[in-house]
Ligand SMILES: Nc1ncnc2c1ncn2[C@@H]1O[C@H](COP(=O)(O)OP(=O)(O)O)[C@@H](O)[C@H]1O
Ligand SMILES: [Mg+2]
């Protein structure tokens, strides 16, 4: 039953995609819009192959792609490694909350681009400032998800564990952490999302490679076909990344929604 | 000296104007099965929280084996109504949680686990996930998780009230069986008079506002089958008297 419904919704999505591509081809083949603004699907396909084989600005598409993914990965891993313990501890130990919470709350609402120039000034134009920008974008969602998870934890889990002989430290590792895990995953997913949407900003300045840089650079020369390839690659990758995290999540947090 | 002594205990929740419990005095012994009964909202759970060490008396004191209780530990186990089993652990790992935290992993614990699984009919569910179990089976895990620790005091807060009659009666048998092998002091809250009459060697009635112990009754019908008793006038009288004691609370 559920499989059937999922297949149905997959078919609908497929049909929607097809309709969009057909509309796109029609509009471009009838020359309703200038190809500089909207290149044809065929043209975008050719450019894609060309970028793969010849490259953009001397760098092959997959190299741009790996550079971008590498920056994202390093930033997200750092945000996970720092954000999870920070958020969990902040929810569990009031003193930690008092120290950390105002800092994160301050960073959270600022658009990353606003402090990017400062980061470049401080950290230089190399990789460090780019990764730091993505890291600062990814940290608050993870931190907040972990913090909230601890605050809303079932009090009886903690009380029960203490009556079974667990001390505060054991409760943190054996109860608070696993109980928070479903929300930790939610936090990681939104962190990846936020870092991902910051990618183009991070590669806007002082870069010479990366998908985000390629899109920005192509826009200067009105190479809309290259921009389209970049945007589609980013979009598809975003969907695949989220799907991969969900896959890991379903394996690790097998009890989610079942209790 | 009693295992548990409660002396002149009052308790008021922070931020509430009236005390929830007033002038509680009680002594409980090892190897006793005690049932606490009373109207809802009268302070039964509050009393267990004080004994467990989750909260502290506003006045008076609670001592276990002569020592004041200051924080929760394994010597006073607690089974909550919705059990609070850990869904990320299997049945066996839930039961082994206490021993693991206490760094007990000798073969003796494995023996206890096997025995408890058999006593609670969970042997086939050893590696099952908690969310795969029915309410009755979860309740068995919750009991086994406590009994493996052999706490001198074990508290149950309306543990069986959500179960259907047949399952509840199975749970009563399992509890009695486990209690007989460990001979600890069990304190079980219920709001069901028949459950109290079957399970309680002693029936402790809490009533009045603020809650206080209005009577401690030695129960002559402990472990007796109601169907054999229903015609007996003395039983009917005892049951009616208890019902009178747990009736609508009066202000003092
Ligand atoms: N955390 C709390 N803060 C303030 N008042 C509480 C709290 N928990 C319970 N109470 C109050 O204390 C009284 C006793 O509650 P409780 O012990 O849960 O009753 P019972 O278990 O007998 O149904 C009730 O009036 C309830 O509203
Ligand atoms: Mg209660």
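Backbone N, Cα and C atoms are what each Cβ position is placed from, and that goes for glycine too.
Given the ranges A:106-125, A:126-145, the record in TrEMBL names A:106-125 as transmembrane segment.
Which of A:49-71, A:72-94 counts as transmembrane segment depends on TrEMBL, and there it is A:72-94.
As stated in TrEMBL, the feature transmembrane segment covers range A:226-245 out of the listed A:166-185, A:226-245. Here the transmembrane segment (A:194-214) has long-range neighbours at 56-57, 59, 63-65, 67-68, 71-72, 75-76, 79, 112-113, 116-117, 120, 125, 129-130, 133-135, 137-138, 140-141, 226, 230, 233-234, 238, 241, meaning same-chain residues at least 6 beyond its ends whose C-beta is under 8 angstroms from one of its own. Within the same chain, residues 100-101, 104, 131-135, 137-139, 142-151, 172, 176-177, 180, 184, 187-188, 191-192, 195-196, 199 sit at least 6 positions outside the transmembrane segment (A:72-94) and bring their C-beta atoms closer than 8 Å to a C-beta of that stretch. Remote same-chain partners of the transmembrane segment (A:106-125), defined as residues 6 or more beyond its termini with a Cβ less than 8 Å from a stretch Cβ, comprise 132-133, 136-137, 139-140, 144, 198, 201-202, 205-206.
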